[in-house]
Amino acid sequence: MNSIDNQLNPHPIFGEWKFLISIVLIATMMRVPLTVVGSLMGDIKSDLMISNTVAGLLTTIPLIIFGLVSPYVIRIVQVSSLRHTVFIAIIFIFLGLLIRVMGDIYMFIAGTILIAVGIAFTNVAMPSFVMLKFPFQIGIITGIYSTTMNLVSGLGSGFAVPIAHSSEYGYKFGLGVWAALAFIALVVWIRQLFLNPKTLARFVVNREGNKFTFKNIARSKLAWAITGLFGGQSIIFYSLVAWAPTMLVDKGISLHAAGYYFMALQLIIIPTTFVFPMLIARLENQKVIAYLIGSFFLVGFLLFFMTHPILLFIAMLLIGSGIGASFSSCMALFALKAETHSGSIGMSGFAQSVGYIFAAVGPILMGLLFDLFDSTNMNIIIFLIIGLFSFVSIIVATEKTTIEASLSHIK
């Protein structure tokens, strides 16, 4: 390990409560600024006078931005530092939330791009930050911020319409209100900019980070395995966000009930995102996690072929468990499978870049299949294949190695 890592000492979690609060506040902004858009899309379309195609673009742009920006985060951290990178990310999110509700569709898109860039920075940087500050509690801290992210996202989506309708500004208030959280996070994170020199050294990425370029990481089997897991769950999640209610209606579930079924899928993600990082960090044989995730996806998608309401409800719970377990396990593996935080950032950037590009294609592909076959069964077959691919990926990802070891032949 390098000199930075040698400075890491075990800290009781609540002995570092200020850093923990910083992590939680950032986690509150890592999904909800984007997920609330779907809940308010009807009002947004009406006010901005946009077509369904443009509306769909509003939800696809962030995924494309994630894919394009993620590989460059390690370079940005090298030029500035981890703490400054996160600070800049919060500023982007804050400004994006304000700009998005200030004008026409072009302002909305500009704000969305700023938000997406900021979230891309935090997506890549947070596993490394957790590794730096809580090297002996990676599992539980990853669980805390993953759970916070999904909980706030779920609550935000659920209460978006009531919040919007509580103000004369409508959906603009429902979207803009989250700038208050971003501002609080900005104020809290300012503390990180005035750390003492001894603490500050731990936030500097050394030149060893030059090894972890996109091109070099692409030569690592471990990196591709984690990317396969991250990409698989991303395709499944974002495709289901777009198509799950439609697929359930095709199976005979009423549109009203389909909404509750999909809500159950999203709710079950919350406890699994908390539990699985702790499990994967503590288990000597991490392949147990692989078999659990594989079982969730395999049984869940097989049940999706059925038409019985109870079996379809169970399918939603199992698939949601697989998504939550996969996502949070990836977040933990970004830290657990790295010896240095340069390696963690590089691997995280690579996996999220490739994964989110695939996620952007997923909903379009599923829509095309639905049009071609006029049935959800082909979609389910593709989901099943992706689930099996995710299982194989995590089997490889849980081998006893690190990103540094897999790139040891590169000078």
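Heads up, residue numbers simply count up from 1 along the chain you see.
Glycine is treated like the rest: Cβ placed from N, Cα and C.
Long-range contacts of the transmembrane segment (20-42) within its own chain (CB-CB distance under 8 A, at least 6 residues past either end) are made by residues 13-14, 55, 58-59, 62, 86, 90, 93, 96-97, 112, 115-116, 118-119, 122-123, 126, 129-130, 141, 144-146, 148-150, 152-153, 156-158, 160-161, 164, 171, 174-175, 178, 181-182, 184-185, 188-189, 191-192, 241. Residues annotated as transmembrane segment in TrEMBL: 20-42 (among others).
Listed as Cβ neighbours of the transmembrane segment (54-74) (distance under 8 Å, sequence separation of 6 or more from its ends, same chain) are residues 34, 37-38, 41, 44-45, 85, 105, 108-109, 112-113, 115-117, 119-121, 123-125, 205, 209, 212, 214, 238, 242, 342, 345-346, 348-350, 352-357, 359-360, 363. Look at TrEMBL and you will find 54-74 (among others) tagged as transmembrane segment.
Feature annotation from TrEMBL assigns transmembrane segment to 81-99 (among others).
Same-chain residues lying 6 or more positions outside the transmembrane segment (105-126) and placing a CB less than 8 Å from one of its CB atoms are 23, 26-27, 29-31, 33-34, 37, 44, 48, 50, 54, 58, 61-62, 65-66, 69-70, 73-74, 76-77, 82, 85-86, 88-93, 95-99, 145, 331, 345, 348-349, 352. The transmembrane segment annotation in TrEMBL covers 105-126 (among others).
TrEMBL lists 138-163 (among others) with the feature transmembrane segment.
Note on the transmembrane segment (169-190): residues 21-22, 25-26, 28-29, 32-33, 36-37, 39-40, 43-44, 47, 83, 86-87, 90-91, 93-94, 97-98, 100-101, 156, 160-161, 163 of its chain, located 6 or more positions outside it, place their CB under 8 angstroms from a CB of the stretch. Annotation comment: TrEMBL describes 169-190 (among others) as transmembrane segment.
Residues 63, 262, 265, 297, 319, 322-323, 326-327, 329-330, 333-334, 337, 347, 350-352, 354-356, 358-363, 365-366, 383, 386-387, 389-390, 392-397, 399, 401-403, 406 of the same chain lie 6 or more positions beyond the ends of the transmembrane segment (222-240) yet place their CB under 8 Å from a CB of it. Residues or ranges marked as transmembrane segment by TrEMBL: 222-240 (among others).
Under the heading transmembrane segment, TrEMBL lists 260-281 (among others).
Within its own chain, the transmembrane segment (288-306) is flanked in space by residues 236, 247, 251, 276, 279-280, 312, 314-319, 321-322, 325-326, 329, 376-377, 380, 383-384, 386-388, 390-391, 394-395, 397-398, which lie at least six positions past its ends and keep a Cβ under 8 Å from the stretch. What TrEMBL records for 288-306 (among others) is transmembrane segment.
Long-range neighbours of the transmembrane segment (312-336) within the same chain, counting only residues 6 or more positions beyond its ends whose Cβ lies under 8 Å from a Cβ of the stretch, are 126-128, 130-131, 138-139, 142-143, 145-146, 150, 226, 229-230, 232-233, 236-237, 240, 244, 248, 251, 253, 261-262, 264-274, 276-277, 280-281, 289, 292-293, 296-297, 299-301, 303-304, 306, 344, 347-348, 351, 387, 390, 394, 397. As annotated by TrEMBL, transmembrane segment applies to 312-336 (among others).
What TrEMBL records for 348-370 (among others) is transmembrane segment.
Per TrEMBL, transmembrane segment is recorded for 376-397 (among others). Within the chain carrying the transmembrane segment (376-397), a Cβ under 8 angstroms from the stretch's Cβ atoms is held by residues 221-222, 225-229, 232-233, 235-236, 239, 243, 246-247, 250-251, 287, 289-291, 293-294, 297-298, 300-302, 304-305, 322, 326, 329, 333, 337, 365-366, 369-370, all 6 or more beyond its ends.
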Long-range Cβ contacts under 8 Å made by the transmembrane segment (138-163), restricted to residues 6 or more beyond its ends, are 13, 20, 23-24, 26-28, 30-32, 35-36, 38-40, 126-127, 130-131, 173-174, 177-178, 263, 266-267, 269-271, 273-282, 324, 327-328, 331-332, 335-336
